[in-house]
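Visitor: Right, I'll just put the structure down here and ask away after.
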Amino acid sequence: MFEKSSWIRLPRNVVVGHGVLSETTAAIDELHLHGTPLLVTSPTPNEVAGQRVADQFEDAGWGVETVVIEEASFESVQRVIDVANEVNPGYLVGVGGGKAIDIAKMASDEIGRGFVSVPTAASHDGIVSGRGSVPEEDTRHSVAAEPPLAVVADTEIIADAPWELTTAGCADIISNYTAVEDWRLAQRLQNVEFHEYAATLAEMTAEMLVDNADTIRPGLEESSWVVVKALVSSGVAMSIADSSRPASGAEHLFSHQLDRIAPGAALHGHQVGVGSIITEYLHGGDWRGIRDALATIGAPTTADELGIDAETVVEALTTAHEIRDRYTILGNGMSRAAAYEAAETTKVI
Ligand SMILES: NC(=O)C1=CN([C@@H]2O[C@H](COP(=O)(O)OP(=O)(O)OC[C@H]3O[C@@H](n4cnc5c(N)ncnc54)[C@H](OP(=O)(O)O)[C@@H]3O)[C@@H](O)[C@H]2O)C=CC1
Ligand SMILES: O=C(CO)COP(=O)(O)O
Ligand SMILES: [Zn+2]
């Protein structure tokens with residue numbers, strides 16, 4: 001039965017490969033955008049890529065305005081909006097990790113301009129999605145934001161980024177397994193809207209990454225390529241669902257709660273990976289398989305490796321269900337005894 005219309009907003013040009021940063025203007029030119037680009041970046045990404053992108057824009061005769069943000073905050077989003085109000089850009093270009101990209105996509109959404117994503121790290125699937133997240137107070141989870149019109153992912157630059165950013169991106173993809181299990185559960189128990197295509201794509205993406213886990217190695221540019229492709233697929237799954245459901249279940253609630261209790265302890269992807277080991281155990285599934293895939297890639301599998309203690313894990317597990325209205329295997333909350341049992345059995349603590 002057709003109940004309502006749905007919009008699937010996908011990037012038109014996804015350019016991935018060695019040296020493709022030099023094709024940024026070509027990828028944008030194809031979109032028939034007009035006006036001066038506003039480049040949003042952060043300090044290191046600006047050095048490794050932003051300045052080169054700005055030079056390309058100048059050489060193309062398009063001009064460019066640049067904002068360098070240091071922090072992932074609503075203040076930074078506002079700063080970009082303020083600059084945009086002054087210079088009236090044709091579109092925004094985010095160059096960096098999740099911080100610069102999310103700030104650019106949230107500002108784009110606010111001012112109604114197109115957004116182009118130029119990731120310098122493969123740290124999570126936000127680099128290609130239409131979801132934005134700023135780690136402040138009540139909004140730990142992502143919200144709808146401007147999806148990228150184009151993504152330009154230069155694997156030469158991404159392979160040179162700190163390796164733990166790539167293992168975090170891998171773990172974010174592996175967490176799709178439990179995210180989809182939670183989504184199916186929510187459909188059965190709560191009649192939550194479910195999209196088979198989006199769920200299958202998200203699961204298949206995780207499966208392909210796990211199948212290739214032993215080829216993902218630091219210093220191998222091919223590994224960055226595999227991870228970026230997986231992040232693109234995961235972003236597409238979220239666009240099809242018009243929700244982060246295909247890539248975010250209870251393991252993400254656990255991570256968002258850790259961000260509250262122990263801010264900055266570990267990377268998003270590493271936290272959701274450890275969360276996935278525990279929530280797969282709660283689902284009665286192959287949690288050892290998830291743990292082994294994470295370990296093979298070199299992502300954390302224990303609280304120690306995340307830099308948090310047992311009490312923090314238990315507090316996050318018992319309160320994670322309060323993060324948002326999203327039904328998962330955590331139901332209405334875990335007891336402390338159950339949280340200890342799950343974390344100990346899976347050797348997370
Ligand atoms: N939209 C979504 O679905 C999601 C969004 N997020 C958001 O994303 C952000 C986290 O993303 P993440 O990528 O980890 O964070 P950052 O963008 O802060 O990048 C992490 C670090 O890596 C540095 N860096 C980036 N690229 C390179 C490179 N090529 N070489 C060397 N250093 C590099 C950055 O430098 P510098 O400090 O100079 O920027 C920063 O220190 C948070 O704001 C979070 O809220 C997280 C999960 C999901
Ligand atoms: O990180 C995400 C998917 O990997 C986004 O999920 P959230 O909506 O839970 O922030
Ligand atoms: Zn995630």
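Using N, Cα and C of the backbone, Cβ positions are placed for all residues, glycine too.
Keep in mind the model is a prediction, meaning the values are calculated, not measured.
Summarising the annotation, TrEMBL assigns NAD(+) binding site to Gly98, Lys99, Ala100, Ile101, Asp102, Thr120, Ala121, Ala122, Ser123, Ser129. Annotation source TrEMBL lists glycerol binding site at Asp125, Asp172, His252, His268. According to TrEMBL, the substrate binding site annotation covers Asp125, Asp172, His256. Marked as Zn(2+) binding site by TrEMBL: Asp172, His252, His268.
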Visitor: Do me a favour and check the Cα-Cα span between Asp125 (glycerol binding site) and Ala100 (NAD(+) binding site); whole Å is fine.
Guide: 14
Visitor: Have a look at the binding-site residues (Asp102, Asp125, Asp172) and report the one with the fewest Cβ neighbours inside 10 Å.
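Guide: Output over binding-site residues Asp102, Asp125, Asp172: least Cβ neighbours within 10 Å is Asp102.
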Visitor: Which binding-site residues from the list Gly98, Ala100, Asp102, Asp172 come close to ligand 3, meaning a Cβ under 6 Å from one of its atoms?
Guide: Asp172
Visitor: Given the binding-site residues Asp172, His252, His268, which one's Cα is the least distant from that of Asp102 (NAD(+) binding site)?
Guide: His268
Visitor: Which of the binding-site residues Asp172, His252, His256, His268 has its Cα closest in space to the Cα of Gly98 (NAD(+) binding site)?
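Guide: For Gly98 (NAD(+) binding site), the spatially nearest of the binding-site residues is His268.
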Visitor: Hey, of the binding-site residues listed (His252, His256), which one tops the CB count within 10 A?
Guide: His252
Visitor: Would you kindly give the Cα-Cα distance separating His268 (glycerol binding site) and Ala121 (NAD(+) binding site), rounded to the nearest Å?
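Guide: Rounded to the nearest whole number, the Cα-Cα distance is 13 Å.
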Visitor: Filtering Ala100, Asp102, Ala121, Ser123, Asp125, His252 (binding-site residues) by proximity to ligand 2: which pass a Cβ cutoff of under 6 Å to any of its atoms?
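Guide: Asp125, His252, by Cβ distance under 6 Å.
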Visitor: Other than Asp125, Asp172, His252, His268 themselves, what residues in this chain have Cβ atoms within 8 Å of the centroid of the glycerol site's Cβ atoms?
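Guide: Counting only non-site residues, the set is His124, Gly126, Ala171, Ser175, Ala247, Ser248, Ser255, Gly269, Val272.
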Visitor: Would you find the one among the binding-site residues Ala100, Ala121 whose Cβ has the most company, meaning other Cβ atoms within 10 Å?
Guide: Ala100
